Structures are given as structure tokens and as C-alpha cells.
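Participant: One structure, as C-alpha cells, below. Some questions next.
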Amino acid sequence: MSTRTVSSSSYRRMFGGPGTASRPSSSRSYVTTSTRTYSLGSALRPSTSRSLYTSSPGGVYATRSSAVRLRSSVPGVRLLQDAVDFSLADAINTEFKNTRTNEKVELQELNDRFANYIDKVRFLEQQNKILLAELEQLKGQGKSRLGDLYEEEMRELRRQVDQLTNDKARVEVERDNLAEDIMRLREKLQEETLQREEAESTLQSFRQDVDNASLARLDLERKVESLQEEIAFLKKLHDEEIQELQAQIQEQHVQIDMDVSKPDLTAALRDVRQQYESVAAKNLQEAEEWYKSKFADLSEAANRNNDALRQAKQESNEYRRQVQSLTCEVDALKGTNESLERQMREMEENFAVEAANYQDTIGRLQDEIQNMKEEMARHLREYQDLLNVKMALDIEIATYRKLLEGEESRISLPLPNFSSLNLRETNLESLPLVDTHSKRTLLIKTVETRDGQVINETSQHHDDLE
């Protein structure tokens with residue numbers, strides 16, 4: 001009789017040892033083993049096949065066949081009809097005892113491993129609870145502190161940005177209005193400058209007219225003076241002539257008195273004198289009238305020129321006052337524009353600095369949020385790994401429980417009583433030789449997944465003969 005014991009542990013396939021654990025992977029393998037056993041012998045026990053379905057953290061599903069079979073080393077047993085071969089029974093009992101001893105040792109080891117697994121599962125559950133508490137605490141802190149602070153600061157920043165945008169728009173509108181006012185004032189200044197230039201040119205022409213009138217007046221005054229001098233000279237000459245004539249008349253009168261016989265010259269002289277006096281009076285009157293007319297014309301022209309000059313001076317003074325007032329207004333508007341531009345530049349600089357600070361704050365908060373997310377993701381991955389390990393350990397525990405229950409049920413079966421067997425004599429030579437083979441078909445199915453989707457699936461068949 002020969003005995004073959006096949007035992008395997010899915011823990012070694014999953015962890016590689018009592019205290020190690022493998023990382024999760026994205027592939028799964030399904031291994032199915034079917035075992036058929038054909039044996040000859042009256043005392044041969046049927047083989048038992050157990051399938052273990054285990055799940056490791058890497059997603060590997062394996063099926064193993066553990067069978068304990070007892071086979072006879074000879075094709076048949078030669079027994080007498082009324083006698084029992086007790087040596088064969090002793091050999092079977094000895095072999096069965098050895099098998100039971102080995103199974104007890106293996107069960108003891110399995111119990112020790114099972115106790116270690118339970119301790120490890122309890123430790124991992126405690127760690128899992130601690131990590132869950134830390135995760136809930138971090139979630140609560142993130143929701144209560146960081147989220148509120150971030151939202152409040154973002155609202156404050158948005159409010160300040162909106163206020164600065166409104167201030168900037170208002171300042172730009174004021175700047176545009178001031179620019180329009182400045183353009184309008186510049187156009188008005190240009191118009192006033194043109195009018196002033198026209199007034200200055202008119203004033204210059206008036207000044208030339210005044211100068212010409214002054215020259216004409218001086219010329220006329222000189223002419224009047226010369227005429228007055230001429231009139232005085234003519235009057236003096238006339239007086240002298242009159243005196244001479246009177247003297248001549250007196251002399252002639254004396255001569256007439258002396259010489260009565262001479263012709264009467266008094267009447268002739270009187271007539272001549274009257275003629276000269278009438279001519280002189282006429283000339284004097286004409287000269288006075290001409291002088292008066294000329295003087296009146298010159299006075300009127302001078303008055304007109306004086307009025308025009310006075311009006312031009314008044315207009316020039318008015319234009320000068322307007323130019324000064326407009327210059328003052330332009331200077332004031334320039335100062336206001338410069339101050340507004342300076343304020344606008346300062347506001348833009350302050351806005352840029354505040355915006356940069358807000359961007360830095362937002363970036364820092366986003367970095368903190370990203371770090372918190374990464375830390376939460378890391379905790380979630382660790383939690384998932386622990387869950388996978390826990391599931392694997394639960395499946396391993398269930399598997400060992402099934403093994404233990406199967407072994408307990410097998411141990412509780414009664415042993416066969418060889419003394420009560422009704423055996424008959426059999427000729428070994430008359431029995432045909434039957435070649436006993438055990439055919440095992442191994443199906444390996446590999447499925448690769450990524451993000452919950454199947455990306456590759458392969459199947460392999462292996463046939464083994466025993």
C-alpha cells in the first residue's frame with residue numbers, strides 16, 4: 001500500500017509567509033482543477049476532493065484539490081474465503097494512524113496560524129478603526145474649518161475685487177468726462193486764441209489807423225498853425241497896408257486941402273479900402289470856415305479813432321481777462337487730471353499688489369486643499385488595502401473553517417471492520433490488469449481590469465495524467 005498526501009495553503013499563495021502581505025494588482029486568475037481517481041482494491045478508500053476558493057488582495061482566485069487517497073500497491077488482494085489477512089489490516093491501520101498523526105500535526109499548525117490570523121485581523125481592525133476615526137476627524141476639520149475659512153475668504157476677495165472693479169470703472173468714467181471737458185476747453189481755448197489773434201490784428205490795424213490819424217492831426221495842426229501864422233501875417237500886412245493907405249490918404253487929404261483943384265481921391269481910396277476890407281473879410285471868413293471844417297473833420301475822425309481805440313482796448317482787456325481765466329481753469333484742470341491720474345495709478349498699483357496677494361493666498365489655499373485631498377486619497381487607499389487584506393483574511397478564515405469542518409466530519413466517520421468482511425478467494429492471475437490513471441484538467445483564466453473595465457482576458461488548459 002502506498003499513501004500520497006497533498007495539502008496546500010492559500011495563505012502562502014497570497015502572502016508568501018505567515019507575516020507578509022502582497023500588494024493589490026489589477027489582474028485576476030481563475031484556476032479550476034478537476035480530479036478523477038480510478039483505483040482497484042477491495043480495501044481502497046474512495047478519494048475525496050475539496051475545492052478551495054480564495055481571494056487574495058491581488059485578486060487571484062485559485063482552486064486546489066487536496067485529496068488523501070489510500071491505494072494498494074498490488075492490483076488485487078488474495079484472500080481465502082473463510083480467513084482474513086490481518087497483516088494487511090495491520091498495515092492499513094498503521095498507515096492510517098500515521099496519516100492521522102500527520103493530519104493532527106498539520107491541524108495544530110493550522111490552528112496556530114489561525115490564531116495568528118485572528119490576532120492580526122483584530123490588530124488590523126483596530127488600525128482600521130483608528131484610520132477611520134482620523135479620516136472622519138480630517139473630514140470634519142476640512143468641512144468645519146478649512147472649507148468655511150476658504151469660502152469666507154473667497155467671498156471677501158470677490159467682494160473686494162467687485163468693489164475695486166466698480167471704483168476703477170467709476171474713475172475711468174470720471175477720467176473720460178474730464179478728458180472730454182479738457183478737449184472741449186482746449187477747443188474753446190483755441191477759438192479764444194484765434195479770436196484774440198484776430199483782435200490783436202484788428203487792434204494793430206486800429207493802431208496804425210490811430211497813428212495815421214495822429215500824423216494827419218499833427219499835419220493838420222501844423223497846417224492850422226501855418227494858416228494862423230499866415231492869417232496873422234496877412235492881417236498884419238493888411239493893417240500895415242491900411243496904415244500906409246491911411247497915411248497916404250491923410251497926405252492926400254492934406255494935399256487936397258491944400259490943393260482944392262486936385263481931383264477927389266478920398267472917395268476913391270475909400271472905395272479901394274472898402275474893396276480890400278471886403279476881400280480881406282471874405283478871405284478871413286473863408287479861411288476860418290475852412291479851418292473850422294477841417295478841425296471839425298479832424299476832431300470827428302480823432303473822436304472816432306479814440307472810440308475805436310477805446311473799444312479795442314476794452315475788447316483786448318476783456319479777451320486778456322478771458323484768456324487769464326481760461327488759463328487758470330486749464331491749469332486747475334491739468335492739476336486735477338494729474339492728481340486723478342496719480343490716484344488712478346496708485347489704485348492700479350494697490351489693486352495689482354492686492355490681486356497678487358489674493359492670488360498667492362488662493363494658490364496657498366489650493367495647495368493646502370490639494371495636500372488634504374492627497375492625504376485623504378492616501379488614507380482611502382490604505383483603508384482600501386486594509387479592507388482587501390481583511391476580506392482576504394475573512395475568506396482564508398472561512399476556508400480554514402470549511403477545512404476544519406470537513407476534517408472533523410471525516411474524523412467522525414466509523415472505521416471499517418475487517419473481521420466482518422465477507423471475502424472470497426480470488427485468483428489474481430485470473431483478474432485482468434487494469435491500468436489506473438488519474439486525469440487532472442487545469443483551467444487557468446486570467447482577466448486584466450483597469451478602472452472597473454476588462455481590458456484583457458486569456459484562458460489556458462492543461463491536462464495532467466497521474
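The backbone N, Cα and C atoms fix where each Cβ goes, glycine too.
Not my notes, these are from Swiss-Prot:
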type: CROSSLNK; residues: LYS104; note: SUMO2 cross-link
type: CROSSLNK; residues: LYS120; note: SUMO2 cross-link
type: CROSSLNK; residues: LYS129; note: SUMO2 cross-link
type: CROSSLNK; residues: LYS139; note: SUMO2 cross-link
type: CROSSLNK; residues: LYS223; note: SUMO2 cross-link
type: CROSSLNK; residues: LYS262; note: SUMO2 cross-link
type: CROSSLNK; residues: LYS294; note: SUMO2 cross-link
type: CROSSLNK; residues: LYS313; note: SUMO2 cross-link
type: CROSSLNK; residues: LYS373; note: SUMO2 cross-link
type: CROSSLNK; residues: LYS439; note: SUMO2 cross-link
type: CROSSLNK; residues: LYS445; note: SUMO2 cross-link
type: CROSSLNK; residues: LYS445; note: SUMO1 cross-link
type: MOD_RES; residues: TYR53; note: phosphotyrosine
type: MOD_RES; residues: TYR61; note: phosphotyrosine
type: MOD_RES; residues: TYR117; note: phosphotyrosine
type: REGION; residues: 269-407; note: region 'Coil 2'
type: MOTIF; residues: 326-329; note: motif '[IL]-x-C-x-x-[DE] motif'
Participant: Around the Cβ of LYS139 (SUMO2 cross-link), how many other Cβ atoms lie within 10 Å? Please give the count over every shown protein chain.
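Facilitator: Counting Cβ neighbours of LYS139 (SUMO2 cross-link) within 10 Å gives 13.
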Participant: When you measure from the Cβ of LYS223 (SUMO2 cross-link), how many other Cβ atoms are you left with inside 10 Å?
Facilitator: 14
Participant: Can you tell me the three-state DSSP label for LYS120 (SUMO2 cross-link)?
Facilitator: helix
Participant: Could you check which of the recorded positions TYR117, LYS129, LYS223, LYS294 is the closest Cα neighbour of LYS373 (SUMO2 cross-link)?
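Facilitator: Looking at Cα distances from LYS373 (SUMO2 cross-link), the smallest one goes to LYS129.
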Participant: Can you tell me how far the Cα of LYS223 (SUMO2 cross-link) sits from the Cα of LYS104 (SUMO2 cross-link), in Å?
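Facilitator: Between the alpha carbons of LYS223 (SUMO2 cross-link) and LYS104 (SUMO2 cross-link) there are 167 Å.
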Participant: Among all chains shown, work out which of the recorded sites LYS294, LYS373 has the most CB atoms within 10 A of its CB.
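Facilitator: The residue with the densest Cβ neighbourhood is LYS294.
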Participant: Using DSSP, how many residues of the region 'Coil 2' (269-407) fall into helix, strand and coil, respectively?
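Facilitator: DSSP classes over the region 'Coil 2' (269-407) add up to 139 helix, 0 strand, 0 coil.
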Participant: Take the motif '[IL]-x-C-x-x-[DE] motif' (326-329) and average the pLDDT across it for me.
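Facilitator: Across the residues of the motif '[IL]-x-C-x-x-[DE] motif' (326-329) the model's pLDDT averages 84 on the 0 to 100 scale.
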Participant: Within 10 Å of the Cβ of TYR117 (phosphotyrosine), how many other Cβ atoms are there?
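Facilitator: Other Cβ atoms within 10 Å of TYR117 (phosphotyrosine): 18.
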Participant: Just to verify a number: CA distance, TYR117 (phosphotyrosine) to LYS104 (SUMO2 cross-link), in angstrom, no decimals.
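Facilitator: So the Cα of LYS104 (SUMO2 cross-link) lies 19 Å away from that of TYR117 (phosphotyrosine).
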